[in-house]
Structure formats: structure tokens, C-alpha cells
Amino acid sequence: MAENEDCGEAQERRGRLTAVLALATLISAFGSSFQYGYNVAVINSPAPLMQQFYNATYLERYGTPMEGTFLTLLWSLSVSMYPLGGFFGSLMVAPLVNRLGRKGTLLFNNIFSIVPAVMMGVSEMARSYEIIIVARVIVGICAGLSSNVVPMYLGELSPKNLRGAIGIIPQLFITIGILSAQVLGIRNILGNSTGWTLMLGLTGIPALIELLLLPFFPESPRYMLIQKGDEKTARQALQRLRGWEDVDGELAEMRLEDQSERAEGHLSVVTLLSQRSLRWQLISIIILNMGQQLSGVNAIYYYADSIYASAGVKYNDIQYVTVGTGAVNVFMTIAAVFIVEATGRWLLLLCGFGICCGSCVLLTIALNLQASVSWMPYVSIACVIIYVIGHAIGPSPIPYVVTTEMFRQSSRPAAFMVAGSVHWLSNFTVGLVFPFLESGLGPYSFIIFSLVCLVTLVYIWLIVPETKNKTFLEISQMFAKRNKVEIKLGDGDLPLKESKDSLEDVVKVTAF
């Protein structure tokens, strides 16, 4: 009998991928994360056609062609307004997830996809490039919300032993979105003068699917119990997600987390910045999100065609090389889903940033030698692909996972708001500056990206701990020493694992 109870406890501790959890993951990731990736790459292939449209519209209005520098600026805005919208979306994360819940925010967020999809679809008919730029801001808001809320939602739905793998699913759908845009951007499909507006407007379809299907799946149990105080709904949600009736152990862990945070309440960003017990967690997610974006990954996706052209790839071959790069990205992200629980987060981050750093240096050398060595364009392509592999296994997916894991319920929305703001401001900076950086520094622009990767790698090596298979409270304890605070549970200084059964314990945080 005791053996059976032990087996049951072990099974609960391990968790499993049920149909409800799998479908909730797929629907939320496809309806939200897919759009993020799709809109990153959707304007890459039709860029020459869109710029022709901008020029023709300007000529119709003013009777003179657009100056080259103004066209470059206008195009940079078309690209960079998307991450700027993402920044605004990130600022909305905390108030929306606290008021509407995680699932409710994702459903509300579909407004910011369907409206701009219609706007971009009719832009050519309306003879207005301004509509495209405004729509890019709005769909960026959608991406800013989804890129933060989906990992938060899935992280709170998942058992701890699957949290890493499920946490990478949003990034997998981002890469699938990128690949889908690259495939549709082939000139024989939609990357032509008659199809590019349709391609821009297709971003609304995943939103419609999510709007129809996601209401049938549960809200985050942690949100329902800790923030809404609705234990009955939280229990029912957990039972559906886990596939068994006995979820008392997981509810007990949530109650302990709730009691440990009651004194703090729901932290605002200002309060979060002043919390000594969260100082190094906050610094870590800022560094990881800056490193993720300032490493140059979106420069490759936004301007892939121009990068390959500068590497000497023939015009007709560029679109296929771009699709091949996207396929590699998807494949490596799938690999990360399966290996993250075996290798852990820390090792994947180190390997990923190390590969990106080395490939940026090699790409700089290859671009400098391509005029004198006939086969050097192939080396340049290989460097880009190796860079994409490195980014896909660590820097792209893992920051979302560890942001969920490093913060508890009261501080998680504000933490995602900070992480998302840093993420999108860095993305905006790369999107706006890279065309000018490329024209000014040429191949040496990638040296800047390699330095960013190196600095981030050193920080991870020295500061970031492994969070694999730990509860949120255990991870807080791991940071306690570095933050120079002591977390005490109950009477005396019992370790966290020994104190979980006492739900009346109060966490005390004191400075050393």
C-alpha cells in the first residue's frame, strides 16, 4: 500500500503530457507565437515590391520620385515599427494578465492581429504606405503581448518536469511562423506584385482560430488560486491538465507560494526594481533579453535577402537559401524541445551564445574575402546557418523559460513586462539601425554582434544558475545568497523541501 502511494506521488511529481495540456499548448502557440515569427519575416521577400509601391504612391501624390535616403528611412520605419509596437505591447502585459488572466489576455490580444491584417490587406488598394506602417505598430502590440503571455501561460500550466520543453514550444512556433513567411514569400507563390498584400493579411487567420478554440481550455490554475482565490476552479483546471483526480500536492505548493508572497502583494515594475530579494533575477533577465536581440538574430531575418546578396548569392537563389535557413531554424528548435530537460538551460545558453559569437567572427572574415575567393559566398551562407543553429538551441527559446522560472506569482507579470520591454526595445534598435550599420561598417557590423554574444556568455557562465526541474520557491532560494537575503520558512531555518508540508509557514526575507 505504501509502495503504491509512493508510486502515485512519484507519478504526480513527474507529470505527463495529457491531451488537454498538449492542445492548450498548440492552440495558444499557433494563435499567438506563430504570428510573432510570421510578421518578423513577412516583409523580407516582398521588400523590393513594397518599396516600389512606396515610390509609386509618392510619385502619384507629389509628382516626383522619392529620394533614396527618404526611401531607406521609410523602409527602416516599416521594419522597426513592428518591434516598437512590441515594446508598447510589453508595457500592457502586467495590467492585462492581472485583470483578464493569462488565457483572457491571449483572447483579447487577437484584436491586435485581426485589425492590422485587414489594414495591410487593403493597403495597396487604398494607395497608402502609411497604413502599412501603422498596421505594423498594431501587429507589433500583438507580438509584444503574445511573446510574454504565452510563455507565462504555458509555464503555469506545465508540471515542473515538462516546463522547459513546453516553454520552448512558443519559440518553435515563432520559427515555424518565420519559415511559413519565407515559403509564402517565394516569388512563384505570394512574393510577387499580385500576392504580397495577401501575404501580409494572412496573419489574421491564426488569431481567428485561437479566438474560436482557446475558450474551451483552462485558465492558469496558479492565476485562479493565487490571484483570484478560486480553489475550486484551480482544482478542476489541474485535474483536466494532469489527467488524474489527486492534485492536492500541487495545490499545496501553490498555497505555500501564495502565503510566502502575501506580504509583497502583486508587484508593480517600480516595486520590482526596488526588491532586494529579486535583484539578480531581474539583472539576469535583462542581460539575457538584451543578448538575445542585440546578438543580431532579427537583423538576419529582417534583412536576410540583402545579407545574402552582399555575400554574393545569385538573385534567383536568395529566396531558396532564405527558406533553407528557416527550415534549419525550425529543426534545431525542435531538437531543443527534446534536449532541454536532459541538458538543462545553462548549458544550452552557453553553447548557443558561443556558437553565435564564433559564427559572427567567421562571417566577417568571409564577407571581407568574398571578392578575392570564388567559393567564399558558400562560407558566408554556412556561417549564417551555423549562427541560426546556435541561436535556435539556446538564445532564442531559453530566456522565455527562465523568466518564467526565476520569478514567483506576485512578481512574474512585472518581470515579463520588464523582460519584454528590454526585448522589444533591443529588437527595435537592431531593426532601425542595421541598414545604416551595414552601409557604414559593411562586414564589420557583425563584429558588434559577436561582442554582444561574448559578453552575454561570460555573464551566464558567472551568474545564471541551472533552474531545471526546480519549483519556483526552490529557484528563489538559489538566488537568495547572491541577493544577500535569507529565506526562512516556518520555525527556524528548515530547508524549503522540509517545510512544504507546513502551509501555515510564512516566508521571511531578511538582509544578511
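Just so it is clear, glycine is given a Cβ too, placed from its N, Cα and C backbone atoms.
If you check TrEMBL, you get these features:
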DOMAIN    25-468  domain 'Major facilitator superfamily (MFS) profile'
TRANSMEM  20-38  transmembrane segment
TRANSMEM  73-94  transmembrane segment
TRANSMEM  106-125  transmembrane segment
TRANSMEM  131-154  transmembrane segment
TRANSMEM  166-190  transmembrane segment
TRANSMEM  196-217  transmembrane segment
TRANSMEM  282-303  transmembrane segment
TRANSMEM  318-340  transmembrane segment
TRANSMEM  347-369  transmembrane segment
TRANSMEM  375-393  transmembrane segment
TRANSMEM  414-437  transmembrane segment
TRANSMEM  443-464  transmembrane segment
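Across the residues of the domain 'Major facilitator superfamily (MFS) profile' (25-468), the predicted structure has a mean pLDDT of 86.
Taking pairs at least six residues apart, the transmembrane segment (106-125) and the transmembrane segment (414-437) share fewer than three Cβ pairs below 8 Å and do not count as touching. For the transmembrane segment (318-340), the list of distant contacts is 41, 44-45, 164-165, 167-169, 171-172, 175-176, 178-179, 182-183, 185-187, 191, 300, 304-305, 308-309, 348, 381, 384-385, 388-389, 391-394, 396-398, 401, 468: same-chain residues at least six beyond its ends, Cβ to Cβ under 8 Å.
Most Cβ pairs under 8 Å to the transmembrane segment (131-154), among the stretches 375-393, 414-437, 443-464, belong to 414-437. If you look at the transmembrane segment (73-94) against the transmembrane segment (443-464), you find fewer than three C-beta pairs under 8 angstroms, all six or more positions apart, and that falls short of contact.
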